[in-house]
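Visitor: I'd like to ask some things about the structure below.
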Amino acid sequence: MATKFPSFSQGLAQDPTTRRIWYGIATAHDFESHDGMTEERLYQKLFSTHFGHLAVIGLWVAGNLFHIAWQGNFEQWVADPQNVQPIAHAIWDPHFGQGISDALTQAGASRPVNICYSGLYHWWYTIGMRTNTELYQGAIFIDILVAWLLFGGWLHLQPKFRPSLAWFKNAEAMMNHHLAVLFGFTNIAWTGHLVHVAIPESRGQHVGWDNFLTVLPHPEGLTPFFTGNWGAYAQNPDSLNHAFGTSEGAGTAILTFLGGVHPQSGALWLTDISHHHIAIGVFMIIGGHMYRNSFGIGHTFKEITDGHNTSHPNDPHKDGFREKIGHYGLSHTGITDTINNSLHFQLGLALACLGTAASLVAHHMGALPSYAFIAQDYTTQAALYTHHQYIAIFLMCGAFSHGAIFFVRDYDPEANKDNVLARVLETKEALISHLSWVCMLLGFHTLALYLHNDVVIAFGTPEKQILVEPIFAQFIQAASGKVMYGLDVLLANANSAPSLAAAGMPGDHYWMDLINASPEVSNFMPIGPGDFLVHHGIALGLHTTALILIKGALDARGSKLMPDKKDFGYAFACDGPGRGGTCDISAWDSTYMAIFWALNTIAWATYYWHWKHLAAWQGNMAQFNESSTHLMGWFRDYLWINSSQIINGYNPFGINNLSPWAYMFLAGHLVWATGFMFLISWRGYWQELIETLVWAHQRSPIANLVGWRDKPVALSIVQARLVGVTHFAVGNIFTFGAFVIASTASKFG
């Protein structure tokens, strides 16, 4: 007899309704809730899934390598990266006739193709790849690695090769391994690749499997390293006239501290990047020897956290401190065990860090691009900024979700008595109310300023606008070296201590050249009143998103309205009809509501980045500066003008290469709008509709030839909300992704 899905829950498997299917899917990855699950088995299953996760990533990367080598134009692009458009892949079956086939036969191809806006060409070129053969070799190597990963995942599920629970919970050993091996060695290995392969290739010296053991990356080899003359590796860097990929103007340095960007490629100096990675690698390896493991020396987390409190005999604030300002509690006592025993706490920390890093990458790739010529591929820059910002918001919403699950499932009040976690829970009303106040202040004031400016412009008196200069932000830019504001502070003042120290550094340095360059290549673009207003609009969105998420996590265990909330779990719709006011207050609901605000916020942030850069790239900063001070300017001069090009991807007179984005733009709107159908109508509506459809099905002679085992029932309220927010988010992303790419590509290709 076949086992009914889901095999991990016999209770669900015996459910006679379609609830069996939907709840089975919903809980498939909630390993903690599965039948017969032990803590050790939970860790082992999660450990094994990591191998599968890495394998999926590897297949994705290998697929990119293979398809570009097969269907792209990598070698042609390498020969002229500033003028040849990179091809992502061929389009096998362009629908809608010859017109679309002709429109999509582009970038020198002989058949319909998609243009590549992912930056992969720039990345591979920068790290030293030059031929399709090298791309194929990379794909094959990664596929072999994937096979090993899949084998490793399977192996670690076998009884003899399952790690023990103690192994998973040895935090010191894990931290040493992650710091020294994963981060330390890989950073130094990447420096090795840059020094031995990428930098020689950037200077016209090919390095391949045939000669990488014989080509010296530096004329003096390892002699300066062993003699302590490390400065030799920084001498004779590439000149400002260096033609990337050739020996013209090339130097011999491999580890430099030049600052700024390569004038021709527009990217950070490769020798600066290699220096950056070796420095990080050395620090990480030192850090990887800090924690006590095999030899009984070094720190332990428990000693650090338990010693970090105002009751500890070594606390510097001990004498008289508590008498003056009150007792601070047990601070971090118990925190190590709390984190080490909660996978949700650990995942929350990891997601918060990775989400922040993703947002940092979004900004970094625009302001300080690492890859040769990517700064001049404006559509790719816009696509990558948008991509990484959207990733960031979902990761950070996930961080708070798992923080809330920690409070519901893993938090032990006794183990955390009077420590920082308990203190945060005790002061949650103050935290939440202050955040609420900040949101109202930001929202009302920012909207009022925008609306005032809209009204006075509508009445023909733009001189009556309230325009606030962002003087504090300009001060920060000046401190970093931007001189246009006339603020003589730090690096903007040639006689300040930092400027004199910088001037005293040996060799040439180009940071000041970059920060004071023309706007389209400057990483600190000039800012004014429009920036001030949109900054506060984005701040409103960030604070409101944070308010919803923080409130959801801090109230996850209980609130004045519902003190026993933790007993209902992380996600529940309401506590039945007899207890009013308990709908929409589960911790899951706060994540659900925060996603809408997060999407709003990141749209505003990306609108801002995109419009400002479009204006800079077109040499028309005045348009942004004048139109961004009022809402109609945003609607008319950014959204409407740029949407019009996409909507005309196809029309009664013909079709062009923007048409795929036009279809995506419309389809994204459709998916987005479909979300509201699930968000507004609740479970009863769908149950009645299903029953009507079943009635009609059973009375149709042909349809009734097909039956079903499970009684059809509507999704739960929580599941319907998930369907709604998923449609909203996916539609939002498809709409805006198509908008960004098409509106930029229509101007710059």
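For all residues, glycine too, the Cβ spot is worked out from N, Cα and C.
The feature [4Fe-4S] cluster binding site is assigned by Swiss-Prot to C574, C583, with sequence analysis given as support. Annotated divinyl chlorophyll a B1 binding site per Swiss-Prot: H669, in sequence order. What Swiss-Prot lists as divinyl chlorophyll a B3 binding site is M677, Y685. Swiss-Prot lists W686 with the feature phylloquinone binding site, giving sequence analysis as the kind of evidence. Marked as transmembrane segment by Swiss-Prot: 46-69, 135-158, 175-199, 273-291, 343-366, 382-408, 430-452, 532-550, 590-611, 658-680, 722-742.
Show me how these features fit into the shown structure, please.
Guide: C583 ([4Fe-4S] cluster binding site) counts 14 other C-beta atoms within 10 Å of its own C-beta, drawing on all protein chains shown.
Taken residue by residue with DSSP, H669 (divinyl chlorophyll a B1 binding site) is part of a helix.
Using a 10 Å radius centred on the Cβ of Y685 (divinyl chlorophyll a B3 binding site) and all shown protein chains, the other Cβ atoms total 13.
Sequence-distant neighbours of W686 (phylloquinone binding site) (same chain, 6+ apart, CB under 8 A from its CB) are A714, L715, A720.
Residues 126-128, 207, 212, 215, 217-218, 254-255, 270-271, 273-274, 277-278, 280-285, 287-291, 293, 301 of the same chain lie 6 or more positions beyond the ends of the transmembrane segment (175-199) yet place their CB under 8 Å from a CB of it.
Under 8 Å from some Cβ of the transmembrane segment (343-366) lie the Cβ atoms of residues 42-43, 46, 119, 374, 381, 384-389, 391-396, 398-403, 405-406, 409-410, 523, 609, 613, all in the same chain and six or more residues away from its ends.
Same-chain residues lying 6 or more positions outside the transmembrane segment (382-408) and placing a CB less than 8 Å from one of its CB atoms are 117-119, 342, 344-345, 347-352, 354-356, 358-359, 361-363, 365-366, 545, 549-550, 552-554, 556-557, 566, 569-570, 587-588, 590-591, 594-595, 598-599, 601-602, 605-606, 609-610, 613, 733, 736-737, 740-741, 744.
Only residues 6 or more beyond the boundaries of the transmembrane segment (430-452), in the same chain, are considered here, and those with a CB under 8 A from a CB of the stretch are 424, 465-466, 468, 533, 536-537, 539-540, 543-544, 546-547, 550-551, 554, 629-631.
Residues 366, 382, 385-386, 389-390, 392-394, 396-397, 400-401, 404, 531, 534, 537-538, 541-542, 544-545, 548-549, 551-553, 555, 584, 624, 628, 634, 638-639, 721-722, 725, 728-729, 732, 736, 740, 743-744 of the same chain lie 6+ residues outside the transmembrane segment (590-611) yet bring a C-beta within less than 8 angstroms of a C-beta in it.
For the transmembrane segment (658-680), the list of distant contacts is 100, 103-104, 114, 643, 645-650, 720-721, 723-739, 741-742, 745-746: same-chain residues at least six beyond its ends, Cβ to Cβ under 8 Å.
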Visitor: Measuring Cα to Cα, how many Å separate C583 ([4Fe-4S] cluster binding site) from Y685 (divinyl chlorophyll a B3 binding site)?
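Guide: Spelling it out, the Cα of C583 ([4Fe-4S] cluster binding site) and the Cα of Y685 (divinyl chlorophyll a B3 binding site) are 17 Å apart.
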Visitor: What is the interatomic distance between the Cα atoms of C574 ([4Fe-4S] cluster binding site) and M677 (divinyl chlorophyll a B3 binding site), given in whole Å?
Guide: 21
Visitor: Which is it, of C574, M677: the one of these binding-site residues whose Cβ has the most other Cβ atoms within 10 Å?
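Guide: The largest 10 Å Cβ neighbour count belongs to C574.
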Visitor: For H669 (divinyl chlorophyll a B1 binding site), write down the residues of its own chain that are at least 6 apart in sequence and whose Cβ falls under 8 Å from its Cβ; none is a fine answer.
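Guide: Within the chain, H669 (divinyl chlorophyll a B1 binding site) has Cβ neighbours under 8 Å at G731, T735.
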